């Protein structure tokens, strides 16, 4: 972690760029552009917690650096409708509901559906590729890019300080299902004009070669369906309209109906179909209830849960907690990536499905998934067509940012113009040069139940200790003048390996230690608690070699 | 999970086979063979916990079904020296120290070193390939197999009921470093004799093709070392003698010294070198201290920690908690697999190393690892050369067992003779036919600090709740006749999102609820505790939408 250094006040005619999330991690993407006292935000997503962050529901970008400046925000550009780019919008709008949101039709439809659940009705402005919008000092121009959700946009930002291109998430599928390719002509035009800073999706920068076309997946899914004599269940991400399109087409080819299962799948595909992003072959989609009443060999269920999420449809099917049952003759296709960290959960689902007798097809066994991100080969094309003066990789862990930076250097970007930053790094652009102007402090903002930002690292550390060791609580009421125990010690332990009878040993020790402390002049409740903590801690450490959390409560009798 | 059905008493002349671990999981391998009242055990390993088993150190096979029959055990055959095959031996010998252990020289040396830490001196008997040993009704014959540790053995077991071949872990590297190949001539001979049951390592059965030769790794490591101008750190498993051999040779080629770092690495390589399994080129190995004083470009550190384990050498280097420091010009090679579930930890280490400026080489970027297990293509060879009458895949999750079974069927084993079982499945072999005779109940036996088998699923559930939600403890002393609170409520919470002041709200509610309960005739401590639990639970659920563990303590004032 770089030392925190407050940047100098921003000079007129300089563009400042600082990410509040998305660097050093895959998720909670949010970048702030500042010039002449105004702020433009690109994306506002969430990050999903890892196993060392137990109980956390979501992690937000740290709004801290702009919290007092929300009146200066001229708009939030949302590049596409994935959670890691739009998921934190409700939390931002809770602070100020009238910040304008800009995005493509599908992106805004997905954001609005999400905001509706938070009972927020936003100010929105729909844009499409080729549009330009002046937002304070920022002239924005939107460029079509291809990703694993339709209608994704890159945004070019022109100010008096120079020209920036910010890709959002993208890849360069040259044969996409909807024929909407990443607009390299526009990239070329911007390159001719002179791109001063290129903020580029680095997620797949360490993957050699090229991401395969989405189109190669459809025939594989169709073949799998054709070979299945029972039910087919396809699990994927609930926003992956093109993947679902291929499932619909493959089902139609095989004379099957498709039912969407799972709240987010039903909602998102409803939106996509209504807006024309999903082409539903005549009569192919039926409600889940209808499909449940049909012969199994005529049905495909399109569901969520491809990451083994315990509450999603697929896990519930495995656990026998869902109306849909799978067994012999049925096939389950996991048409999705395996996000690192989810392996155990996904393999649990696969084992469970196989134990039920179902056949399981996943990206390890057939081509049923391609990534949504540009691989190293594609990034080289981008760098060469743009010839950016400065490169700032975003959207990635350090190893991704580093790989994307190295690829830029390979194409001739000077090493000192290819940056690897972190959340809170402040870059200033002036005279075609990007320099590091400072480093803001950026924390993790945890959403936990209805609380936002109230639990912190200390709470999570407590939780990890509780998880690994459990706790012992000791209640004692005593005479403060003597340390004489009047009530207790009452001892309770949870998540702990031993029977309660083991504490018979320690009660007299506590009583003795408190009396001794009283003799030595201890009068204070807090000190008495320390005596209890030490006595119990030492005993449990040597006797059972454990270090549970010890919670002493001493009150005056 | 199959229903528990007690098998019928074992008829004379029938061989019974039941696994106490290792089926449905990768780890804690242990299989029991029973005939004429005698038991032969093959392997006795540990399983490492997953993230839903917090605080657990190790998981043991369930000795329950043989606990009262340890006098009948004629011996434990240990196929090789990996933890998942020998790690539970100390816990078995704690129950009866004089059970004889049979294994190859290296295997027994590793077991003895481990037992020494447990202060157990075992009864051992060294065997090698080609040896036969009569153990009660079991004639055992040992067969050389090739794996990611030297001196691995398969064991053929002849009884009056028939012939079994149990592979242990193996692959069929045709060009192994030590020229000790899996002995297919012996497999052929046993096949001619007639293998009635084949218990086979299924770990890589769902991997198509063939596992690449270990020998291909050496030149890659040598090239990486040659290109490095600073320090080289290689991390791998501490038992992988052949991998370490290649590192020694590569270091020697490049004029570097190697120092072993980490307790298990130092211990195991000491044993391997003493016994002649590791050939140390003249003067190449130096103590860590010596290496630390040498120019960085002359040193290779060979360490543990390739799985991102937080306490192992590599993680401590990343966190600046180790004497060895890495930075610019240095290279770290992760010469190991990435065990599913460890991805986040490993990527944290990789990101950290890269942030320190080091180059990181891993199996995703170069051929620095091959598996130790036979892939699908190799298993086909085995099935075809053996032509076993019955196949029982072991050593794998359900998906692996299923794949190994399907491969057997593909080679002509009748479907009903290719079994997919689970821990506790009881198979009986008689007249060349294996039948399922019952299903024993097999639990997880958790080692947790110094306790073995004392924590259970309920404790782990408590721990998961504590991890995700924290706890609230409430102490109250009251008059049982009236429910009148005399002392308290004292409320403490940990791992919980809120400030203590939030409890100001709930204290009067508790006092009121207890008084009402007293009026309604409650007199019992347990019932008063329920009142507290309900009152607090309802409040926290509706007010903060959380479900922490609630620990009420009510005592009589």
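Heads up, the Cβ atoms here are built off N, Cα and C, so glycines get one too.
Here TrEMBL flags B:201 as active site, proton donor. Within 10 Å of the C-beta of residue B:201 (active site, proton donor) there are 30 other C-beta atoms, taking all protein chains into account.
The DSSP secondary structure for residue B:373 (active site, proton acceptor) is coil. Taking Cβ-Cβ distances under 8 Å and a sequence gap of 6 or more within the same chain, the neighbours of residue B:373 (active site, proton acceptor) are B:147, B:169, B:170, B:171, B:201, B:203, B:204, B:211. According to TrEMBL, the feature active site, proton acceptor maps to B:373.
A strand conformation is recorded for residue B:448 (Ca(2+) binding site) in the three-state DSSP classification. Among the features that TrEMBL reports, Ca(2+) binding site is placed at B:55, B:57, B:448.
Annotated Zn(2+) binding site per TrEMBL: B:80, B:82, B:84, B:85, B:147, B:169, B:395, in sequence order. Other Cβ atoms within 10 Å of the Cβ of residue B:80 (Zn(2+) binding site), summed over all protein chains shown, number 28. DSSP assigns residue B:80 (Zn(2+) binding site) to coil in the three-state reduction, placing it in neither a helix nor a strand.
Note: residue B:369 (substrate binding site) has non-local neighbours B:217, B:334, B:335, B:336, B:337, B:362, B:363, i.e. same-chain residues 6+ apart with C-beta under 8 A of its own C-beta. Residues or ranges marked as substrate binding site by TrEMBL: B:238, B:239, B:240, B:369, B:370, B:371, B:372, B:373.
What TrEMBL lists as domain 'Metallo-beta-lactamase' is B:27-221. Averaged across the domain 'Metallo-beta-lactamase' (B:27-221), pLDDT in this predicted model comes to 96.
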Subset of B:55, B:85, B:201, B:240, B:448 (recorded positions) with C-beta under 8 Å from chain A: B:55, B:448
Inter-residue Cα distance where the pair is residue B:82 (Zn(2+) binding site) and residue B:240 (substrate binding site), in Å: 9
Those residues of the chain, 6+ apart, with a Cβ under 8 Å from that of residue B:239 (substrate binding site): B:81, B:82, B:83, B:110, B:148, B:149, B:264, B:268
Residue B:55 (Ca(2+) binding site) to residue B:370 (substrate binding site) - Cα separation in whole Å: 31
Using Cα positions only, nearest of the binding-site residues to residue B:448 (Ca(2+) binding site) (B:84, B:85, B:370): B:84
Of the binding-site residues listed as B:80, B:238, B:371, B:395, the one whose CA lies nearest the CA of residue B:57 (Ca(2+) binding site): B:238
Long-range Cβ environment of residue B:370 (substrate binding site), under 8 Å and at least 6 residues apart: B:211, B:212, B:213, B:214, B:216, B:217
Rounded Cα-Cα span from residue B:395 (Zn(2+) binding site) to residue B:372 (substrate binding site), Å: 13
Least Cβ-crowded entry, counting other Cβ within 10 Å, from the binding-site residues listed as B:85, B:147, B:240: B:240
Fewest other Cβ within 10 angstroms of its own Cβ, chosen from the binding-site residues B:238, B:371: B:371
For residue B:84 (Zn(2+) binding site), nearby residues of its own chain (Cβ under 8 Å, 6 or more apart in sequence): B:22, B:26, B:27, B:28, B:29, B:45, B:46, B:47
